[in-house]
Amino acid sequence: MFPDLIERLRKREQQGLLRQRKILESPQSSQVTMDGRDYLAFCSNDYLGLANHLDLIESVSKGARRYGVGASASHMINGHFSAHHVLEEALAEFAGFPQALLFSTGYMANIGAVTALVGREDAIFSDKLNHASLNDAALLSRAKFIRYPHADLALLDQRLSTTNARRKLVISDAVFSMEGDIAPIPELVAVCEKHQAVLLLDDAHGFGVLGRQGRGSLFLPDCGSIHSPNIIYMATLGKAAGVFGAFVAAQAEVIETLIQSAHSYIYTTATPPLLAQALMVSLKLIQQDEWRRNVLTQNIVQLKEALQSLPWKLLPSSTPIQPLMIGESAEAVCISQRLRERGILVPAIRPPTVAQGTARLRISLSAEHQPCDLMRLAEALQEIALQV
Ligand SMILES: *Cc1c(COP(=O)(O)O)cnc(C)c1O
């Protein structure tokens, strides 16, 4: 063991930055059992309440009976099952692209897409608040890594005009995971077109939730019907879709390039085909259960109203990610802890995940939350506000 690990861990602990896992003993839902106690939870990405849906559970056991449990090989060797293939076609159609490719996780999809598409002679332009997986992907690709201030398209435009890189790849979260705000997508697309850059849009938190029938951020009203061959769309299937996995959707030649050269696609075991089978059911529910998105929208409106009188303010977000800005890490941790004592789970997000001095409580809403759940959270926060 490296002897300095002890010292480093101790320092983290002293700074209140030691991350700890909690042990969940119930299905994922708005009510969970954790470490032997029941909680009202605001910390899942299961925005539509599908992770625990009986139709999905049923499809998983059907899938297991048909295909067995494991894929037992990579997609390129002998692990590409009919369930994967059918799902890829359905995802491409749903997301509005010619083709789609399944990855095991969103993390791997971003790593694979970026490293397969750009290298040493190229440049990546990345929003400062992008997800860690996109930053890691950029570093691994060895392309020049140029970050621009959050959603600052004038600076992005300027930086794109001064580059002499062979390929220019702009990468952005569609919904920023710690802020909840939505990227200026039409403007991003326009800037990319102007500079012949390709846009990789990470819609981990928009897929299933935003746009017509939950088709994602590119189907938001102000995106009109953006059709640019220069967009590469990525979304995960472990959040609103309630299962596991991710996909990249794009032009056929882009997808073929990923199949040929994305290491995180080629050199890994395919996800169990039973999950692809469940995802077909999830996709159907995402499309048809408009009521889930309507309840979610009502919950967002109600939460904003209920938290208005607090000394802390919600960031301006219209998505199910509703961060309550606190500031100091210790205070955020303290409030999260007091909520927990009252049987409510809301995670405190601290540096290095967010910038110094911007620690926050990240409230995630789901279609499973009831109006009384939101009232309970608001009342608990009001009580805590009087104490701290
Ligand atoms: C969660 C997330 C990912 C990673 O997706 P996984 O499927 O969980 O690996 C990528 N990008 C963003 C913005 C995310 O929030």
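Cβ atoms are placed via backbone N, Cα and C, with glycine included.
Taken verbatim from TrEMBL:
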- ARG19, HIS131, THR353: substrate binding site (BINDING)
- 38-381: domain 'Aminotransferase class I/classII large' (DOMAIN)
- GLY106, TYR107, SER177, HIS205, THR236: pyridoxal 5'-phosphate binding site (BINDING)
- LYS239: N6-(pyridoxal phosphate)lysine (MOD_RES)
Predicted model, mean pLDDT over the domain 'Aminotransferase class I/classII large' (38-381): 97
Greatest C-beta neighbour count within 10 angstroms, which of the binding-site residues SER177, THR353: SER177
HIS205 (pyridoxal 5'-phosphate binding site), number of other Cβ atoms within 10 Å: 28
C-alpha spacing of ARG19 (substrate binding site) relative to TYR107 (pyridoxal 5'-phosphate binding site), in angstrom: 20
Cα separation, SER177 (pyridoxal 5'-phosphate binding site) to ARG19 (substrate binding site) (Å, whole number): 18
Among ARG19, HIS131, THR353, the binding-site residues whose C-beta sits under 6 Å from ligand 1: HIS131
Fewest-neighbour residue among binding-site residues, criterion Cβ within 10 Å, set ARG19, GLY106, THR236: ARG19
HIS131, SER177, HIS205 filtered to the binding-site residues whose C-alpha is within 10 Å of LYS239 (N6-(pyridoxal phosphate)lysine): HIS205
